[in-house]
């Protein structure tokens, strides 16, 4: 079934209507639960006074969001604004030194916020991995990098390294782990790229420029060294048409999203409610399922805003950073499930694609996915929730390949060939429904808790069967078809169908034909744009 398979418009209108009504219905349930339980004892620590004049309290359970957009927004904006200012001055006066300016400003900003002992710790890791990269043995670089990364996830190495960084401000703990973790991943990318270089080695100064680029230093995203090296050393800094306008629009969208989330936090306590298991057991099936879905959408919004702001700054520096994460709403296959596109590109380039090849061999795919999720476990830190999440996602990724292999065999292949593309799209969407909820439940486990994920699964498939199960699955089916229609339209834009070939010219009039014989009728002239396939 091709991605460009179309459905009737009235059918798509039906799917969109059902989906919109279901979203409004679920949101109304969650809003009602939030309003009626605002004074619960379990809510007092996280639901704080908000809009005084409207009498609404605000959900402040997500400390990361509160930190970014309330407590420390002035400090973060000040540091990024200084980076943009110095980068702009350098690009106007001495473009050949702009990468050095990024390095100097990044070092000064990190030193100011974390101290010289933290700088020394980071430099020691950089020097270690740079020295290993000179040997140009790929597996040795990888093993050294993973062992170094594990020292920030396992005791007693974590406590020993944390003691190097002094200070009691609230952001110190987060900046420490963010800067160290991303530093190791960047150093591994540098080392692996240095192994691939045939003529000589990269200079250690290039590693420092790459690592201490301030917008990416603490919170990512990760851009692989080969891409960063080419883009940061580019001398031609001309912009595309309307590029600055697009950057400004993206900045305005991020600001608007922050305001919308702040408004929603006053009406739907989607972060606080999942922490109260007693309240969850008394909620309706529909409210519980909607709560799990909205939690994942909110987590994507938070990541999209954070990465979006950083990406906007890097685009001002004439870089092309990794895109923000793909929305959970758009995910119905495990192959597209990735929270951070930078980490995903890193893993795909150095682990998944390197070991998996063309991803059509079952055994190679199994080895590639096991190694990929093994690195991911070290990156996130081994714990029961991460291990369960990694196991189920690894299984889902391989199960998709097994099913693809199975349905490419007879008699399934012949059966699909005989049906229309629209019918094939509908049947595939039914299977995608179960994929979608598997992805939702696995990520709910990682973001909230094992108890919350088990309760949602029990209500969806056991206690709520068959009414809740059928209704939720039908709404999800409508969502899948809306997603597929969006992908179909984008595919037509990216790769439009070619125009049909022109009709062959009419045969010449035979000399032996009688004089009175009528000439062959000329074919009607058809506008080629009307013949273009949908």
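Cβ coordinates are placed from backbone N, Cα and C, and glycine is handled just like the others.
Unlike curated entries, TrEMBL annotations are predicted automatically.
Noted in TrEMBL for the protein shown:
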- 498-509: compositional bias 'Pro residues' (COMPBIAS)
- 510-524: compositional bias 'Low complexity' (COMPBIAS)
- 491-534: region 'Disordered' (REGION)
- 12-30: transmembrane segment (TRANSMEM)
- 65-87: transmembrane segment (TRANSMEM)
- 99-121: transmembrane segment (TRANSMEM)
- 173-192: transmembrane segment (TRANSMEM)
- 212-230: transmembrane segment (TRANSMEM)
- 251-271: transmembrane segment (TRANSMEM)
- 291-313: transmembrane segment (TRANSMEM)
- 386-403: transmembrane segment (TRANSMEM)
- 429-448: transmembrane segment (TRANSMEM)
- 460-480: transmembrane segment (TRANSMEM)
Practice task
Sort out for me which stretch, of 12-30, 173-192, 212-230, 386-403, 460-480, has the most Cβ pairs below 8 angstroms to the transmembrane segment (99-121).
Solution key: 212-230
Problem - Contact call for the transmembrane segment (429-448) against the transmembrane segment (291-313), three or more Cβ pairs under 8 Å - result: yes
Handout entry: Winner by Cβ pairs under 8 Å against the transmembrane segment (12-30), considering only 65-87, 173-192, 212-230, 251-271, 460-480
Key = 460-480
Problem - Whether the transmembrane segment (65-87) meets the transmembrane segment (212-230): three or more C-beta pairs under 8 angstroms - result: yes
Exercise for the section: Spell out yes or no: are there three or more C-beta pairs under 8 angstroms between the transmembrane segment (291-313) and the transmembrane segment (212-230), with each pair 6 or more apart in sequence? Expected result: yes
Problem - Range from 173-192, 251-271, 386-403, 460-480 with the greatest count of C-beta pairs under 8 A to the transmembrane segment (212-230) - result: 173-192
Fill in the blank from the handout: Same-chain residues at least 6 beyond the ends of the transmembrane segment (251-271) with a Cβ under 8 Å from one of its Cβ atoms are 27, 30-31, 34-35, 38, 43, 46-47, 50-51, 54, 56-62, 65, 69, 291, 294-295, 298, 301-302, 304-305, 308-309, 312
